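Annotated features, as they stand in TrEMBL:
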DOMAIN    A:212-433  domain 'ABC transmembrane type-1'
TRANSMEM  A:28-46  transmembrane segment
TRANSMEM  A:53-77  transmembrane segment
TRANSMEM  A:89-112  transmembrane segment
TRANSMEM  A:145-173  transmembrane segment
TRANSMEM  A:211-235  transmembrane segment
TRANSMEM  A:247-271  transmembrane segment
TRANSMEM  A:303-325  transmembrane segment
TRANSMEM  A:350-369  transmembrane segment
TRANSMEM  A:412-432  transmembrane segment
Amino acid sequence: MLEREKVVDNSLSEKGSINKPKPVKHNAAIATILSIIFAGFGQIYNRRFFKGIIFIILEIAFIISCGDFINLGIWGIRTLGTIQGVDHSIFLLVYGLISIILLVFVVAFYILNVKDARKQATLIAQGWEPPRLRESIRIGYDRSFVYWLTVPGFALLIFTVLLPLLFAISLAFTNYDLYNSPPKNLLDWVGIDNFTQLITVPIWKDTFFSVFSWTIIWTLVATSLQIILGLFLALLANDSRIKFKKLIRTILILPWAVPGFVSILIFAAMFNNDFGTINRDIIIPLFGGDGIPWLSDPLYTRIVLIVIQTWLGYPFIFALFSGVLQSVSKDWYEAAEVDGATRWQKFRNITLPHVLFATAPLLIIQYTTNFNNFNVIYLFNEGGPAVQGQNAGGTDILISWVYKLTFETNNYSMAAAISLIIGLLVSIFAIFQFRRTSSFKQEGKI
Amino acid sequence: MNSKMKSNLEVAGIYLIFAFMAVIIIYPIVWAIGMSLNSSTSFYSSTIIPENWSLVHYKWLFTDPNSDYLLWYKNSMIVSGCSAVFSVIMTSLVAYAFSRYNFVGKKTGLYTFLILQMFPAMMAMVALYILLNLVGLLDTLTGLILIYVGGQIPFNAWLVKGYLDTIPRELDESAKIDGAGHMTIFLRIIIPLAKPILAVVALFNFMTPLFDFLLPSIILQSSDNYTLALGLFNFINDQFSNNFTRFAAGAILIAAPVSVLYLFLQRYLITGLTAGGTKG
């Protein structure tokens, strides 16, 4: 029982043993310096032989196995290769990034090692007796358990998220495109050239500003429309005079239930200029003429895209608001009625603040999602129709433009540069949102 | 009398709006179903309600030697299934650590998750393509699954951590006193109590790969490895007017069960989302 408590709260047990004063000649500074010289030396000096030997083995193993690699990587990321045709800049860049990540971990481990040696040396000098080997292994397991929990997740995260992100950011500062690509050519660091090109070279400038402004219009209009429609329908469906509420709700939520990918492709066929049902069965019979060029005129395509996104996106808002509306207390409305409030006043001063307050973070997410809503833009008309004088389609948003630059014209550096701009814009939004969420605030307090 | 009349008119107006919405919602769905039942493969002869309907396209999907539909279905199930299972395992381990332990780098880790969440995964698509190519995982389902599982960790770890924080710590502490080890507490106490949120994580990570188009289109290249979304897209991308009816049939086969599932589960999803998003 007593032992277990020791295990549970290890720091307490350390403090507990100090109480027996048995001063020993032991210098914390020596332990610190030794452990800086080589991981584990300090621990050996502290007579923690098992731990010390493990640390020494770890460091030797690391130097033997990764030393050359890190050397190569650091050289590689600095120069991106020097011999044309032999050095592969992209490999070197990746090695370099991996080396940097490895080094960060090694430095963290080293700092821990020094801190550990110093702390224990100080304790020993005060008369603390280190636990026996068996006991310390148990304590070690106990303390390190949490790392075993997180290591698989973190390792995966580093290789599938962190490394690609760092890699993409690095690419934005190189000159990697179809004509200058390894292994035939070497890449170079070009600083912010890609960004300056983006706002100075006419074709890039025109494309960038037209795509950027459409992205903003698209995000604001499509998202706001889906929120307004969702709210409007939720208010109507919440009306006490309406019957068949369950049926109405189910129908209104249908577009959410159908996979968006399928709906978008169906819409693409429906709006097809030649054989789509919209032109053939609705526009031409009603208004005559040859139908509307939905997919070949940028303006019409943009309008249709916004309508489709509204169709796809409102049900989620509707479901969300329906839930919140039911939680608004009836008393407030009754009190307002007593005061003679009009319906608009009740909506403006009771319903709207309540609903918006409860759902603000989710509504902000809607905006950021649409900002990067690749699926609708690309699947509907592949960002088209093509527009003269720019290298993106008439309805391309930033993210679909990046896709095209990467996979159609192989202009990797420029794609990475634009990605970086997207990332910065989205993070501004996201920071704003996360500052409001509760878990963030709680964590900040720890 | 006057006010009652006004009220009745209003109600009628509301029903009219709902009727209008119903038409807009149902028209594309009915049209797609009609297409899939159309016996000819051509668009031009088709009307909304086909004159001579048949199941020929459904049959083609399953029986024709040229059809890869079942293969895509299998691939999709492998990707979605693995992604759901591994996501739940990884996420619950990480979330448990963040919820219950104090360790070096805990705060840094949480902040890193937040920052990583902000950057859209698509930002790194150039890099993913090149990196997977480097390690030889391009055009494999394994590569795709790894990226799904890794990419979901930041968001879902926060989601699950938030839920685990609401499970009283007294439970694991009393188990600890009774002699339960770390793993026992995790498997016997935390996991059973966290089932609802883990179910949400599993559902999200099953559905996302199922209808994702972008990532598979970057990673998968040979038609043998296509997932459903990619395969169906290529159906209509190759020769639009020829294969749309087949696309409609294939899409309905997968969309129908999913839609039904969503209609049943939407209430729980909404509750889960609002609980996480509005608690503060």
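Even glycines carry a Cβ here, placed using N, Cα and C.
All TrEMBL annotations are machine predictions without curation.
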Residues of the parent chain within Cβ reach of the transmembrane segment (A:28-46), under 8 Å, 6 or more residues beyond its termini: 52-59, 109-110, 113-114, 116-118, 120-122, 124-125, 130
Cβ contacts under 8 Å made by the transmembrane segment (A:145-173) with residues that lie 6+ beyond its boundaries: 77, 93-94, 97-98, 101, 189-192, 194-195, 412-413, 415-417, 419-420
Of A:89-112, A:211-235, A:247-271, A:303-325, A:350-369, whichever stretch has the most CB pairs under 8 A to the transmembrane segment (A:53-77): A:89-112
Winner by Cβ pairs under 8 Å against the transmembrane segment (A:303-325), considering only A:89-112, A:211-235, A:350-369, A:412-432: A:211-235
For the transmembrane segment (A:350-369), sequence-distant contacts whose Cβ falls under 8 Å of one of its Cβ atoms, 6 or more beyond its ends: 219-220, 223, 226-227, 231, 235, 313, 316-317, 320-321, 324-325, 327-328, 332-333, 336, 426, 429-430, 432-433, 436-437
